[in-house]
Structures are given as C-alpha cells and as structure tokens.
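Here the structure comes first, spelled out in structure tokens, and everything after it is commentary.
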Amino acid sequence: MRGLISALVLTLVGSQHLNYQPDFGENKVYTYNYESILFSGIPEKGLARTGIRIRSEVEISGIGPKLCLIRIHSIEAAEYNGIWPTSSFSRSLKLTQALTGQLSIPIKFEYSNGHVGNLMAPDSVSDDGLNIYRGILNILELSLKKMQHSYSIQEAGIGGICNTTYAIQENKKANLVDVTKSKDLNSCEEKVQVVTGSAYTQPCQTCQQRNKNSRATATYNYKIKYTHNEAVITQAEVEEVHQFTPFHEITGGNAIVEARQKLALIEVQKQVAEVPPKEFQKRGSLQYQFGSELLQLPVHLFKIKDVERQIEERLQDLVETTYEQLPSDAPAKALKLMHLLRAANEENYESVWKQFSSRPAYRRYLLDLLPAAASHRSLRFLRHKMERQELTNWEIAQTVLVALHSSSPTQEVMEEATLIVKKHCPRSSSVLRKVCLLSYASLCHKRCSSPYSCSECLQVFHVFAGEALGKSNIEEVLLALKALGNVGHPASIKHIKKFLPGYAAGASELPLKVHETAVMALKSIGMRDPQMVQAITLEIFLNHKIHPRIRMLAAVVLLETKPGLPILMILVDAVLKEPSMQVASFIYSHLRALGRSTAPDLQMMASACRMAVRALSPKFDRSGYQFSKVFRFSMFKEFLMSGLAAKYFVLNNAGSLIPTMAVSQLRTHFLGRVADPIEVGIAAEGLQEMFVRGYSPDKDWETNYDFREILKKLSDWKALPRDKPFASGYLKMFGQELLFGRLDKDTLQNVLQVWYGPDEKIPSIRRLISSLQTGIGRQWTKALLLSEIRCIVPTCVGFPMETSFYYSSVTKVAGNVQAQITPSPRSDFRLTELLNSNVRLRSKMSLSMAKHMTFVIGINTNMIQAGLEAHTKVNAHVPVNVVATIQMKEKSIKAEIPPCKEETNLIIVSSKTFAVTRNIEDLAASKMTPVLLPEAVPDIMKMSFDSDSASGETDNIRDRQSVEDVSSGNSFSFGHPSSGKEPFIQSMCSNASTFGVQVCIEKKSVHAAFIRNVPLYNAIGEHALRMSFKPVYSDVPIEKIQVTIQAGDQAPTKMVRLVTFEDPERQESSRKEVMKRVKKILDDTDNQATRNSRSSSSSASSISESSESTTSTPSSSDSDNRASQGDPQINLKSRQSKANEKKFYPFGDSSSSGSSSSSSSSSSSSSDSSSSSRSSSSSDSSSSSSSSSSSSSSKSKSSSRSSKSNRSSSSSNSKDSSSSSSKSNSKGSSSSSSKASGTRQKAKKQSKTTSFPHASAAEGERSVHEQKQETQSSSSSSSRASSNSRSTSSSTSSSSESSGVSHRQWKQDREAETKRVKSQFNSHSSYDIPNEWETYLPKVYRLRFRSAHTHWHSGHRTSSSSSSSSSESGSSHSNSSSSDSSSRRSHMSDSSSSSSSHRHGEKAAHSSRRSPTSRAASAHHRPGSSLTRERNFLGDVIPPGITIVAQAVRSDNRNQGYQATAYVRSDAAKVDVQLVVVQLAETNWKACADAVILPLKAQARMRWGKECRDYRIAALATTGQMARKLAVQLKVQWGIIPSWIKKTSTALMRYVPGVALVLGFSEAHQRNPSRELIVRAVATSPRSIDTVIKVPGVTLYYQGLRVPFTLALGASSSSYETRDITAWNFLPEIASQIAQEDQSTCEVSKGDFKTFDRMSFTCSFNKSCNVVVAQDCTEHPKFIITTRKVDHQSLSREVHINTSSANITICPAADSSLLVTCNKESVLSDSGVSEYEKDNIKIYKNGKTVIVEAPIHGLKNVNFDGEILKVTVASWMRGKTCGVCGNNDREKHNELLMPNHKLAHSCSAFVHSWVLLEETCSGGCKLQRRYVKLNRNPTIDGEESTCYSVDPVLKCMKDCTPIEKTSVKVGFHCFPKATAVSLLEWQRSSDKKSASEDVVESVDADIDCTCTGDCS
C-alpha cells in the first residue's frame, strides 16, 4: 500500500513539471501553413455561393520574454463564385498582390501562457491588415487548466469576451493533448459589433427568447505537443458559422456565412528573428478594431482617387440621366454619389457647391445627398451655409431634418448639431424652429441610447422648458415637452412633472393641451424606466379631480409600459368605482383590445387583461360609441416571427359622437424588434361652433350687461374654461415626433378669407393666377436614403461579416400647366368667381418614382466584397397629358387625351438574388451570379423515366403535360421539385380596343421553394411584375380620346347616339325561317323518340341516378342558359300566340302591359324579350338541338325529387292548364319516361327564366353534364326532344284558351306563388339546420322578416300607382323590377320546392291559410300594379339629366366609344333613376343601371350585355318587422355573371369567416342560396341591433351590435307605418337622426325636472324666485334661461330667455294665452301674426306652445306651453351648460353640480344653489343666502366641535317670516369648540371656499316667506 501511494505521489510530482500551456521560445522560429476560407450563401446544394480563400505561410518568432513577432508571406488568394459544391475556387492575382501589400510588414504581439496581449504594429499597417493578423492570433488564444478536462469560462477573442467551453483529452504515450473548445458568439459579455440604423426600434426580449434571427458559434480543435519544458501547437482547425434568417430559424430558412481556418506546423528552427527597423505602436488587443468597413457601403465597390472630380462626374451623370426619364438605376447612382460625399472633406464640398449651387437641378441633389452623408463634415458645411444665409428656410428645414435623423451621434456630430440649434433655429415658433428642436431631440435620443453621455444635449432642453414655463409661452412649452418626449430619457421626468396636474403648484392652471403633451412625453421614457412612469401615470389616473382626457392618456402611457397583473387589478378596481363613463369605457375597451393580442411580448399582459375584462364585462360591455374607445387589430405569424398591429383610439368630450381627439398607430414586429413606423394624431375642438356662428369676436360679453348682473346673483359662480376653436395634429415616425401644427380660430378664418375675399388682399393668390395664365413649367426631384440598417460583426478569419439593408429612392415630378380664364380676372377677382368662368386648362405632367431596396449578407471591406445580395426595384411612371375645358356655368366639362402610341410601363417591380464577388484591384472581374440557375438543379432531377416500350406518342403526352403544368401556374407545387427550375410566367391583358389601348399585367417568378418550401426560399430567386399600357393597332388610327360631361338642360345636345331598345317583334321575321328549320328537326326527333320510348326508359333512369350522385345541388343556371339556347321552339310558339298583343318594356315587366292577360301568357311574352337575342344564335343542325336537349335532361332526378314536395298542390293545377302544370313541375311517376318528361318541362320553364337562381345550382354540374352527354344514347335524346315538343305544344294551346280559364289560371298561379315565396323566405333561417340544433341557435337567427311596405301602403290607398305597385312587390318579396318577373317568380317557386325539407310545406300551408281579406288585398293590386309598371325607359318621356361621352376620334370620323346617359324622375313618394351606357357604334350591347326609391323600400339593378340581357345583379332594400320589431333587409341576387366576378368573389369569401370572427360575429354553416346575399338588421333597443348576414355557404350573426345613434323607435312597433315618409326625406331623416344625437333636451315642470342627460329629479322649487334652468357656462355666456311661478297658487310659469342679442320673456295672460316680449317689445300679439324673426332669433307659436329658436347662440329651440318648459341645445354645447338642466356631458355622476362646481348633497340643495336672489323683496323674491351653524356639537377626532356650513342656505330676509320650509343636506366644516370662530367671522372668512367638509347634515331651508314693511 505504501508503495502504491509513493508511486502516485511521484507521478503527481512529475506531472506538475509537464507544460500544457503553448508558448513560443526565444530565438526560435515556428513556421506554419495557414489557410482561411470564407463562404456566404444558402446551405443547400445546387445554389450559388461566394467565397474567399487565402493560403500563406506564417512565421512566429520569440523575440523576447512574452513577446513574439508574426510574419506572413507566400500569400495566395482565390475567389469562389458559382454553384455549390460543383464550382471551384479561381486564383486572383490582383487580390493576392493587394493582400501581400497589406501584410508585408510583420507585427509584434504579447503572448504568455496561451493568452495574446497587446498588439504592436507600425502606422503603415492598415486596420484591415491588422485584423487579418488578429484572425491568426485568435487561434493561439487558449485557457488550459491542468486539473480539469471539461470546463466553461469567459474567454477573450477577436469577437469579444464570450462564453467558451473546453474539452481536453491527453495522450500520454504520444505526449499529445487534444483540445476542443466551443464558443457561443451570442453569449458575450463584451461583444464586438456595430449596429446602426435601429436606434428608433426596441428589442423584443420575448421574441428573441423564442427565436434568434442571428446565431453564431465557433469550434476549435487543437493538437498540442508537450514536453517538460514547452508545449507547441502542431495543428489547429477552426470552423465558425454565422446563421441569419429574417423569419423563424426552424421553419423560415437560413442564410449562412461560414469561416474556416487551418494552421499546421511545418518546422521549428533555432534562429534569431529579423525585426524591421520601424517604430511599433500599440494598436489594441486581440479584439477586432473596425476600420474601412464603416465607410464602405456593401452595395458597390469602386476606387476613390480624385474625389472632387468623381463627385462632379457622378452629379452630372445623375442630373442628365434623370432629366428626361427616371431610369431604374437612379437610386443606385444617388447612393454612389452619397458614398463619395461621405469620403470628401469641406474643401471638396465648397468647390462643388460654388460650381453647381446656381443650377436648380444640381442644387436639389446636393441638398438631398449632403445631409444623407451624415458626417460631421457635411453638417459643418451646411452650418456655414446657414451662417452666410445661402439657404432658404425651407432648404434649412429639410436638410436639418434629414441630416440629424441620419447621423450617428458621435461627439463631433453632437457639437455641430448643438451649434445649429442654438444659432440658426429662429426664436419664433415657426416650422423651422419646430423641425430643428424635434430633430435635435431625436439625435439626442440616439446619443442617450449609446454608451456615451448625453447630459449636454439634455441640458439644452431642460433649460428651454424652464424658460418657456417662466414666460408662460404656451407654444414654447408644447415644443419643449414634445422635444423631451423625443429624447425619452428618465432624467427629464422631474422637469416634466412641473407641467403635470397634481405635481406642481401652478400646473393645474395650465391649459389642457399642455397637460396632454406632458403626459404623452412620458410614453417614450417608459421604455427605459417603466417603474417610475407607472407610478406617475397610475397616480394621475386615480385622481378624479384631473380632467378625464388627461386620465385616459395617462392610462394609455401606463399600458404601454406593459404593467404586471397587480397594477392591472388596481386599474380594474378603480374602473369599477369610476364615476366617469368616458374613462371607464376607454379603459375597458383598451384592456379588451390588448387581451386579444397575439404578439409574443404582450402574451403575459394579454392574459392579465383577459382576467381584467372578465371582471369589467358585466358593467361596461354595452357602452355606446358616444364614449371614448380603443380599437386594435393585431396579427402575429409564428412561422415568420413577424407581426403587425394597428391601434386607433378616440377620446370623446362630454359624450359627443364627434371625437375631440383621435390617434392612429401602427406597430410592427420583425427581426426580434418592435417598431412604430407611423403614428398620427388629430385633435379638434370648437369647430362646430365656429362654423355655425361664423367669425365673431367675443364682444358680446362686453355689450350685454344683463349676463353679468344675473350671474352676480349666483353663489360663487365659476365659468368653465373656454376652449378656443382649434384644430391640431402631429406626425410621428418610429416613435419620434417629426412635426406638429395647430390652427386656431384666426388661422381658420384666414383660410376662409382666401376663398371668399378678393385676391387683391392676398397677393400670393393673384400671383398664382397670373402664373397659371402665362404658364407654369416645373421640375422637382427628391433623392432620399430612406433606410440604412447595418450590423457588422467580425469573423475568426479577420474579415467583417455584414448584414445590412438599404432603401433609397428618387422621385421626380415634372409638368407644364397653362390656364385660360374667360372672362379675364379683374383686380377685385375672387376665387368664387371661378364658378362662373370658363377655364381651359392644358397640362402635361408626369410622376416618376424609382425605388431600390438591397439586402446584403457577407464580407464587406474596401478591398473585397463577397456575399449574397437581394435587389428589389420598383419603377413607376404615371404620365398625364390632358387638355380640359371647364364651363361651370354651363355645367360642362370636356377633356382631350392623346391616344396610346407606344408601350408605356406604369409600374415595374423586380426582385433578384445574386451571389456577388468584387475585388477593388480587379473591378472588371466582378461577378454577380444568380443564386438560382437552371443548371443548379441536380441531374437526377432533370431526368425523366423512359419505359422500354415507350413510343413517340407517350413522349408527346409528357411534353404536353409539362407545358400544361407551367401554364397552369403550378410549376412550383410541392412534390414536383423538378418543375422549380422552370419560371412561372403569366400575362393578363384587359383590352380596351375601342380607345386603342390595353392594360397588361405580366408576372414572372422562379424561386428555390422546390428545394425547401420555406419563406426565405420562396423569396430567393427571380420575381418580376409589370403593368403597362400597350397600343391596340387598327386599320384607322385614333387621333385623340375625348371625354365630354354635360349636365343640365344641355345634356341632350351632347348625345352622339340616340338610345333605343330593340323590340323583339322586329326580330321575328328575320328569324322565322331559322325557327321553322329548328321545328322540323325537333318534329323528326319527336317521332323517333316515340318509337324508342320504352327502350330509353332504363337509360334515362340510370342517367338521372348518376346525375344525382355527382351533383351537390339540384340545378345550375349555366345549364339553364344552355337549355334556353338549344330549345328555340319554346320562344317560337309563345311568340306566335302573343306577338300582336305584346308591347316592349326594356326597363319594366312586360307582364304588366295588360291586366286582362293571363299569368302564363305574360310569362311567355316576358321570356321572349329576354331570350330573343340568345335564340338567334342557336345552331341549325340536329346534333346541336339534340345535344342541348340531352344536357338539360341530366337534371331529371333532381326535378323528380323536387316535384314530390309539391305533389298535392301541383296535381290540381296540372288539370287546368299545362302552363300551371309546368310551373308545378308535374307529378312524379313510376316510369322513367314520365319522370324525364317532368324534368324537361322544368328545364323548359327554367330556360325562360333569366332572373336569379337559388342555391339549388351546383357549380360543378356543367362538367358532369358534359361527361354524361358523350355516353348517352341517341334514342334517349330523341325521346327527350319529343317529350319537349309535346309539352311545348300543350303549353301553347293552353295559353290561347278563354279569358275565364286564364283568370282561374292567374288566380292559381298567384296563390301558388304566394305559398312558395312565403315558404322560401320563411325557411331561409333554418335551411339545412337539423331540428334538434335549431333550438341552440340565437332567436334572431330564426326570426322571420316581414316587409313593412304592404302595411305602409294599406294606409295610403290614394297614393300613385307606382306606390301601390311596390306594395304588391314588397309583400311577395320578389324582385319585380326585372324585365321578366313572371319567369322569376316561377323560378323562385321551383327553387323553393326543390329543397327537400318538410318545413317548407308546413310553412307554405300556413301561408295559404291567410285571411281572405289579405289575399283579396294582394289580388286587388296585382293586375297592372307591379312595381315595374312605370319603369319603362325614361328616355322616351324625359331628357337625360347628364350625358357622358367617351369617344375615340378617328381619322375617318366614324363614331367609336361609349355614351352614358342618366335619367331621373322623382316626386314626393318615388324616385326613379336610370343609367344607360351604349357603344357609339351601332351595336346592341348596352349596360343598364336603374333604381327605384320608394317609401320604406329601395330597389336597384345592374344589367349588361346584348340589350342589357346577358348579365344581371339586383338589390332590394326593405324595411319591415322581425318579431314585431323594426327591421331592415337588404337582398342582393344575381343571375349569370362573368367568370372573373365569380373568381374574385370566391377568393374574397375565403377571408369572410376570419374577418367576421375578428369583428365579433358568430358563424353557422348553411347551404344558403348560391346566388343570393341577405343582410338583416333588427332593432332590439334604441341603441343596439341584431344582425344576420347570409352568404352562400355560411350565415353570420351578431347580437347586440351597438350603433352610434339612437334609433327612432316609437311606443308602437308599427309607428313607422303612419309617418309621412317620402322618397326624398327617408335618407335625410336618418342623417338628421344621427346629427340630432348630440342635441339634448331638458324638461322642467311643476316640481319635476329631467336634465339634459335624461336624469329625472323631484324636489321643491322656490315659489317666487327665479331659478336658472339652463345657461351657457363658459366665460362668455351666449344665453341664460330662467323661470319662476307667476303666483303661489297657479301652476303657470314665466320664462326669461336672455341671449347676447335679445331678452325674451314669455308669461301667461289672464285668458290662459302666452304673452311674448322681445327686448321689452310685444311680439306675436296680433291674431294674424304667428312668427317673428330678428337677429338670428325666431319666435313662433304652434297652437298654445311658444317656440323660440336661436341656433347661433346654441339654443336649438325652447318650447313653453305655460306649465312645461323644454330646452334643446345645439350639439356643440355639449359639456358647456349648467343650471338645473345639468352640464350635458352624458355623465350621471355629476348632475347635481352647483355654480361653484361642487356636487350638491341633495336635489333641493342643488336647485337652491341656482336660485337668483334680489337685493330687495320688492321683486317678489324674499330670500337671501346665509351660512348656518349646526345645531349640535359633533365629536370630531375625539373633540367636541362647532360646525358651520360650507355652502350658504336659503333663508328669509330680515323682517320676513318663513311660510314654507324644506330640508336640505349641507356639508359642514368643524372647529374644536374651544377655539371655534363665531358665525359672523366664518361668513367674512375667505377660507370657507376651500374648507373641507367634516360632516354632512340636513338643515331647514326656507322656500317662501311673508314680509312686513321694508325688507332687506
């Protein structure tokens, strides 16, 4: 045992002599082979990469203790730019020479125990070269511990002090130590990096915890040979990887920069190293030192030799290339010029300025790009120009704005910026001063965000704020506070507190705007010191004495700091006790909005907000829009790690619907940071009053003594602070306020003066008009570097890796404008006279924009660049060349536009990703390789599989398939990676050949998503989008395009083509021969079908079964249309029977032409007009007819199935006439042939239907029909054709029967229609919903809508025929405005019956049991009273009201273009509007839009095509009832519509559920009609509605949707039926209702009164004293209304209305009438005079009620009937009134506000406070106010006390005795009994106004008194 221990001890002692620490012995030279490689690119194979490789030999010599010399020689450099990994490095001789020149001089470094110390090098060694040395020495940095094999430490390196983990393995036999160390370059105490351009963004810590956009790690492997004396590194390998992704690092895709190093020992020689005889300076440590990369832009590389000459050349080139047009490379050229300006000095600037400053185009570019250079030299140059006054104020403002926001806050820049602000910002509050200070504050913000001190710039603003406060200069105070908000430093809090209410003695006296700005200034400070800001804002919010608006803004700032749950619960508790609904509603809506956020940094807060909302919902969930609210929309995509949030909040004042302040803010989450790109705030107050009253100074107060005399009689009356009319706004970008402005009353009045006043008083207007007459030619360009974001980190090789984003743009506006004004303006010309002048305006303008966005990742130095570059370019060019003639008096506008003669690109967007290498010594060899190339795809992906037996035909099939794949746009579908190499190309053109132009959109895309379907790979590649105008060439050229608009009486004179509609009767003769041929073919087919009927039975049955299984809905409108075209005999025979009786109605229903016509006849005639144009295009061949019949028969099964639901009702009708049998769809039978016959009859009927099919149509049915058509037998087709022929003949013969049969038929049709329509509409709510689930749906979902039009009409029997016609249409719920309403009704019946729900039959049966009276009334209005009876073409009876002609003027003078004419006919109960668009050429294409507005109903249609018959969309809006509540329904239906509309609507429908969910709608899936949209709204309360929206496939509903105005709901649910509503006042009534929402009414009667805020009180009024009912409570009152009883016994009152222009008294006379005096003159005294008006005051009588209107004074009206007084004030008086009627602010807690702004403790005390006392009792009022002593001595704080009232109490005058008393509650202030003052001293004391209330007690107050003798 002892021997073992001894051996261990000896071994341990021996090992202590071993040296693991690498070292370099003195007088030894260690030679290594060194290789470093850098790669930049995408990690996937097959894509392009760039790289750099450097090979060399490195000699390290020991030249002293702990001092070594390193020398690099034999350098060989190579570049890589090609497909990875197949390409290879290519040697670069010039790069080798450049590196050899930089690394030829050796350097010294300290080295001890594996640690590199200071580096010493001559000054001739560049920073870039020294960094390469650092890359090699970084390998030598080792921290080895002998006794540990695995450990982690913080180790210094080239990238900083980072977390490093070691793993050591020892091979004792070979005396080798294997060392592996790994560095986490994201976990560094002192990380070496430079980040610029992101100072205005905030890091999202939660986002960075979830996802790292940038990761970097390095792994080192060493082999160390050790002996007892030394250890030598024999081999070292380093691999460092930098990974970057803009999206999620796992699912988003990555770009990498990979660095590798190899160091291998060759030999060790004992020799003395040769040290160069140069002076070595300490040049820092191992950590990387930034050098040329800070000045070198990564987007280009070029040599700078003669910078001044190069600036001149680049500037001249930029001006010349952008003079005519703006090329796409203009931003790149501007960026190169800016790079040169950064490299230049002040002498260069001065030389260039002298040469070009006098030339406007050059001067503009210099003033744009010099500030963007963002150096202290450019700032100094600009400051000198300001000192010499060589720049205008506008030029100074824009240069300072750009320069200070673009500059980095170095010490030199801060010094120059401080001088500019102190010396050159004017003292006046001009725009320039605001820009200077706000921009300097933003620069100070960046300085404070850096490690450097910012105390100097902070001191500038603190002193400025103190001086502004001392001078009470409000504008300067606002500017100082906004500047402190931009700085956002916690040191400014104590200075901001001076302006906050509750923190400084005089702060409460400052204007409200100052308080608002001070609170908002804390917002940016809260980002740095959230705890301090939370404490301040929470205290402000909890202080109810502070204005509600300030408290709400404090809450906004508080929630921006993301407080925790405890603070939020304090907030919730305060809101539950909050007296102000404005504040409570605002906080609740804000918390609810935040609770829905999905952003990572708000998840904790969102959870807490949801808890808070649960506590607040029961109380505040139904608050209306009259209260302040916050609206917020946000989304965050996890796979992109990006999000967007938009917040909008409104602050209302006094419950007005018009907000006082509105703020909109946009927030983004990207790259792990949060930014607020834009924030806009607008505030306005008093504008309503100013616009109503006009401009009038506040002189009314001085000239009317009555107000002052009256107000003296109130106790301690205090006026409300008057808000001067103003409008203000501000703009913030990235949290920094750029500009703010404020328009006061005088400014707004000056703006109005510009319009209404003569221009001789405003010289600028006169100069502008003169310039326009002579012609103005201007060219303006603006070059901007909008964004420069850079992140630079070192790599282990010594080269810097940069990730950067550049966004530059050049904008150009050029134009010439000349105006000819007739008659020529005189010297006293006003702008309003332009309305009576003729103006000819000739303008040629162009707007061009070129934008260039570049993203770079890779290596960037001034010697070499290698990396990935993604370039996105946007080019837009909008030319405008118009000659316009405007004749306002004649209501005529004429414009001429030149034709399109060459292709013009409007916008081009392109994006491409390159692998780029550039070498400063060999710029010609620069290489930009697209990252994605076709040859980059591996060969195996290009190969196709060829079978041994494959033939040429299969090759052709494969080729065709590949072409189809590319053309279909699926070339990059996942799972077909080989197609990814082929570009996706799509081109779409909209051809307007009429005007010789077409608009084309071309898209091209090829990306790398076929390799990996992630966002980054979708972006990599090449994408292009181009929108252009192309000429359409024709035989005759177009000279110009002319647009003429003529309104008024001269509109018909501008018509080029007379609008007429072709009568189908005129087409009959031309098509008669065609019809005979078709009839003969059908007869032949009929005979064949009869012979084969039995054999075709089975086939027809199987086909119908197949059709049923392959279609989801019973019918298709597309198939209906084809059936109508393929069965011409239907039109033939029906036309032959009624052609002579028919009259053509292009805008109406032909069925209404005669009341004696039968329903079937009308239906047939109607179908003629709708299908005539289509029938003419039918094929003559029998195969065509057979095919059409065959396609229509595929619906046989669905027809049979639908007919079963109406079997009982249709069987009786089928016996009477075949027409009604067709409408009933026949009765199903057991045989297939009869079933097919019923189907064909339904198909025939549907072919006549051109209206709106319902959900029974399947979109995919057409393809099924086409497939089935190929397999059907000819015998089956013949059978169907024969049956069709027979049914048609039967229908025709039936329609020519006697009138009695026709009458019965019409009656049956009418009843059947009523049943089906009612069944259809009643069943929509529950369609496709099982019975057991119906009960779980909301009630509103199941309610029936009942139109109110029938009820309205029943009370208006004497109205016009058009009104009665609409009654019938409204009650049937059919869109009878169609030109073929009969066929529509039949189709609606079919659609209704086709739904196989038993509820339909039940509801139809229920509707058939209506009262006989109802049916009789319906039938009474049926004949000749359709809604569309008078909707014939209005152009036949009235001229057009407006004509618009767009004409292409041809050289042969032929008409080409379009003409639109509008017709309007209106009366008291109906408005009929029609718009017809026709081609100027003689074609039958037309577009028709018509609308009818009736009481309680409006209807509109849009139709276009041949004679307006091909396509149609119709809408019907109706008022009615749902569950006996007022309801409105909007129904939109459509027939055949173009495919692009279908595709667009289908695409939009995908977003409907998501949008509905965000808006709060609930969803229920239903098979709603496929061609119908219904919106229903039912008023559930005066403030809320229930809404149901039915769209195809889904039903949405919302219960309790709040509306921003009170709905006019009467006591009876049908009150609207008797109101005198006309077509003209229906919509204005709704607008008036919204406008009147802000008007308030107060009512005062005997002992009751109801305030403006609808609070009712009952308390005693004084018997003989006047009491203030309502008054304007501002500093300068505009009205005061008082009232008092005439005598003690009477209930009658007298009213005094005092305004600033008149005193009006209304008092009762002996005969119970009312006497009115105005300014002591009797008015309305004569029996014949019922109205008096003077000085904007109107007085009139309505029966016994006197009404006074003074809107200019704020009084909408005052109604008084002798007992009840009603006062209605204008909307702009909200929150500005006082008196018994309250303050009119919609707040319930402050109704009992006394004149001194204290809340009364009781109603009686409140009323008594507004009593007007008199000095003597001769006037009848015998009361006075006295302070009283409490008749007991309460114990306060343990002491017996004497108490005196804080407010006076009404008592009788001296020598008067009270007759009647009442009890009032009064507050008392108490003194200790021993030291109490007397009552007399208390009355004289001034302390009582601010004394606290210790107790509240009830005391007696006198109401009425009796007096003896003189009283006082």
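Think of each number as a place in line: the chain as shown, counted from 1.
Cβ coordinates are placed from backbone N, Cα and C, and glycine is handled just like the others.
The annotation compositional bias 'Low complexity' is assigned in Swiss-Prot to 1092-1124, 1150-1235, 1273-1299, 1357-1381. Residues or ranges marked as compositional bias 'Basic and acidic residues' in Swiss-Prot: 1259-1269, 1306-1316. Residues or ranges marked as compositional bias 'Polar residues' in Swiss-Prot: 1319-1328. As annotated by Swiss-Prot, compositional bias 'Basic residues' applies to 1397-1409. Summarising the annotation, Swiss-Prot assigns domain 'Vitellogenin' to 24-663 and lists sequence analysis as the type of evidence. What Swiss-Prot records for 1640-1818 is domain 'VWFD'. Annotated N-linked glycosylation site per Swiss-Prot: Asn163, Asn991, Asn1206, Asn1375, Asn1662, Asn1698, Asn1703, in sequence order. The feature region 'Disordered' is assigned by Swiss-Prot to 948-972, 1080-1329, 1351-1432. Summarising the annotation, Swiss-Prot assigns signal peptide to 1-15 and lists sequence analysis as the type of evidence.
Candidate glycosylation sites: Asn163, Asn991, Asn1662. Nearest to Asn1703 (N-linked glycosylation site) by Cα distance: Asn1662. In the three-state DSSP scheme, Asn1662 (N-linked glycosylation site) falls into the coil class. Counting other Cβ atoms within 10 Å of each Cβ, the glycosylation sites Asn991, Asn1698, Asn1703 show the lowest value at Asn991. Of the recorded residues, Asn163 (N-linked glycosylation site) and Asn1662 (N-linked glycosylation site) place their C-alpha atoms 86 Å from one another. Counting neighbouring Cβ atoms within 10 Å of each of the glycosylation sites (Asn163, Asn1662), the lowest count belongs to Asn163.
Between Asn991 (N-linked glycosylation site) and Asn1662 (N-linked glycosylation site), the C-alpha separation comes to 83 Å. A Cα-Cα distance of 21 Å separates Asn1698 (N-linked glycosylation site) from Asn1662 (N-linked glycosylation site).
DSSP gives Asn991 (N-linked glycosylation site) a strand state.
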